[in-house]
């Protein structure tokens, strides 16, 4: 018996990686299921007819039995071989579909990571441009600081020259001061000497005065003794002359002493005034020099502090620039490494996808060969039915067409059943048509035909607030509505999937939402979903319509000659040979 992939497994894979309704693999398996069931039914009818012929033709029972045994063994071998190859092909197709879905999911994830890396790279580039702008600003500030530093150094050199000049002047003034002090000391010594001389002259004057007085007294005594001898007339004249001579001598002596004293005082006062003026001039010069030195020292100290501050700022700016350059180089290396890693991973994923596509093409070649084998098998059965005058059951074929698909893919799925009762099925064709429209930024991207989810997408470059928006699903006369919360916002370029409660998916806002009050969105032949904004205006709609038609019966193939061996054709597709040289003898 042929193996079948459970429907629940397909639904689970579709929930984990959403696929389009009636994927090519599912449609192909449905078609294979119908074909195999039709072949099994026809084979069962054929076997029943053979048995009835065996009972009716008792005379030919032994011959028919032998030929039926031979034919049964050949059919059993062909059937086992066919079922084995078909099961292998189905497993390979299932594995390929799963791997392809997994690779598509990984590809989407890597694309998202690549987009995020591009965003991070753009952000790093903007940070780099900002850092470069800041670096240029720091360089301009550093240049201005260097200019200010050069100016300060020039001022410092000029001030140092002025300081040296002031030091020379101070040295000269100090030398002048020492000379003035020495001169003052000499003048002081001279003053003391003059005072001593004046004192000695005064004492000498007093001494001489005393001597003169003694001499006068002596002379007076002598004159007094002579006066006795001189007559009285001459005594008065003599005394008068003597007094006048003494008075003149005293006045002359006093005038000489006074003149000498005045000259001495004038000389002393002049020298003292000169020394005082020289000392004051030296003191004022020294004070001004000291004031200039203090000002120069204070200015030098302020310039030194400014210079140290500028040097500190310059060192800090250089360190910051070096740090920013290191960070920038590190970020560039990290970005290049991450981009190279992602590009290598994407290249590996592309290689894996290409390998999977090649394997898928090979499996399609195998499937095409199996379809041709099934067709040859059908021709054999129809030839035997026509030869034995059996009523063939009409072929059952299912074709599904999608409005969004550009090719027709036939896949098989299902488990064959042995049918004991002859039954005929009408050939049918199922077509699915989708139509969608949108007048705003949000469109309805997908409706699950199983009623598990509805997906919306924001096609604009702006975030869309969804507060108060309503999504209405209509199937015939029934309708259900879902309202978004007042704070929900659909990001630019983002999709949101609203799952039913029984979809088996966990909520992951803001991309996956769960409608807990509704177990299913519902299924039917005519499904329509309308999206309305908070003002009740229709901004998007999407509808899915299922149509079933009955095509005309295929023309019967010509009857094959009895007992002639049939050889299957060799099929080639894309350079891959697939040949089968099996022959079957039909009696």
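Using N, Cα and C of the backbone, Cβ positions are placed for all residues, glycine too.
The compositional bias 'Polar residues' annotation in Swiss-Prot covers 1-11 (among others).
The annotation compositional bias 'Polar residues' is assigned in Swiss-Prot to 573-587 (among others).
Mapped onto three states, the DSSP output places residue 102 (SUMO2 cross-link) in helix. Swiss-Prot lists 102 (among others) with the feature SUMO2 cross-link, giving similarity to another entry as the kind of evidence.
What Swiss-Prot lists as SUMO2 cross-link is 123 (among others), and the listing cites similarity to another entry. Mapped onto three states, the DSSP output places residue 123 (SUMO2 cross-link) in helix.
The feature SUMO2 cross-link is assigned by Swiss-Prot to 145 (among others), with similarity to another entry given as support. Cβ neighbours of residue 145 (SUMO2 cross-link) (same chain, under 8 Å, six or more residues apart in sequence): 310, 313, 314, 317.
Taken from Swiss-Prot, the feature SUMO2 cross-link applies to 157 (among others), supported by similarity to another entry. DSSP gives residue 157 (SUMO2 cross-link) a helix state. For residue 157 (SUMO2 cross-link), the count of additional Cβ atoms within 10 Å of its Cβ stands at 10 [all protein chains shown].
The Cβ of residue 181 (SUMO2 cross-link) has 14 other Cβ atoms within 10 Å, all protein chains considered. Look at residue 181 (SUMO2 cross-link): DSSP puts it in a helix. As annotated by Swiss-Prot, SUMO2 cross-link applies to 181 (among others).
Other Cβ atoms within 10 Å of the Cβ of residue 241 (SUMO2 cross-link), summed over all protein chains shown, number 10. The SUMO2 cross-link annotation in Swiss-Prot covers 241 (among others).
According to DSSP, residue 261 (SUMO2 cross-link) sits within a helical segment. Other Cβ atoms within 10 Å of the Cβ of residue 261 (SUMO2 cross-link) number 14 in total over all chains. According to Swiss-Prot, the feature SUMO2 cross-link maps to 261 (among others), an assignment based on similarity to another entry.
Feature annotation from Swiss-Prot assigns SUMO2 cross-link to 271 (among others); the stated evidence is similarity to another entry. Around residue 271 (SUMO2 cross-link), the same-chain residues at least 6 positions away in sequence with a Cβ under 8 Å from its Cβ are 187, 190, 191.
Classification of residue 312 (SUMO2 cross-link) by DSSP places it within a helix. Residue 312 (SUMO2 cross-link): 10 other CB atoms within 10 A of its CB, across all protein chains. Swiss-Prot lists 312 (among others) with the feature SUMO2 cross-link.
Feature annotation from Swiss-Prot assigns SUMO2 cross-link to 330 (among others). Within its own chain, residue 330 (SUMO2 cross-link) has no residue 6 or more apart in sequence whose C-beta sits under 8 angstroms from its own. The DSSP secondary structure for residue 330 (SUMO2 cross-link) is helix.
Feature annotation from Swiss-Prot assigns SUMO2 cross-link to 532 (among others). In the three-state DSSP scheme, residue 532 (SUMO2 cross-link) is classed as strand.
Per Swiss-Prot, SUMO2 cross-link is recorded for 547 (among others), and the stated evidence type is similarity to another entry.
Annotated region 'Disordered' per Swiss-Prot: 1-29 (among others), in sequence order.
What Swiss-Prot records for 2-34 is region 'Head'.
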Greatest C-beta neighbour count within 10 angstroms, which of the recorded sites 102, 123, 532: 532
Closest of 157, 261, 312 to residue 102 (SUMO2 cross-link), Cα positions, recorded sites only: 312
Rounded Cα-Cα span from residue 241 (SUMO2 cross-link) to residue 261 (SUMO2 cross-link), Å: 30
Shortest C-alpha distance to residue 123 (SUMO2 cross-link) - which of the recorded sites 181, 241, 532: 532
Candidate nearest residue 157 (SUMO2 cross-link) in space, where candidates are the recorded sites 181, 241, 312, 532 and distance is Cα-Cα: 312
Alpha-carbon distance [residue 532 (SUMO2 cross-link); residue 312 (SUMO2 cross-link)] in Å: 66
Residue 181 (SUMO2 cross-link) and residue 532 (SUMO2 cross-link), Cα-Cα, nearest whole angstrom: 111
Residue 181 (SUMO2 cross-link) and residue 241 (SUMO2 cross-link), distance between Cα atoms, whole Å: 56
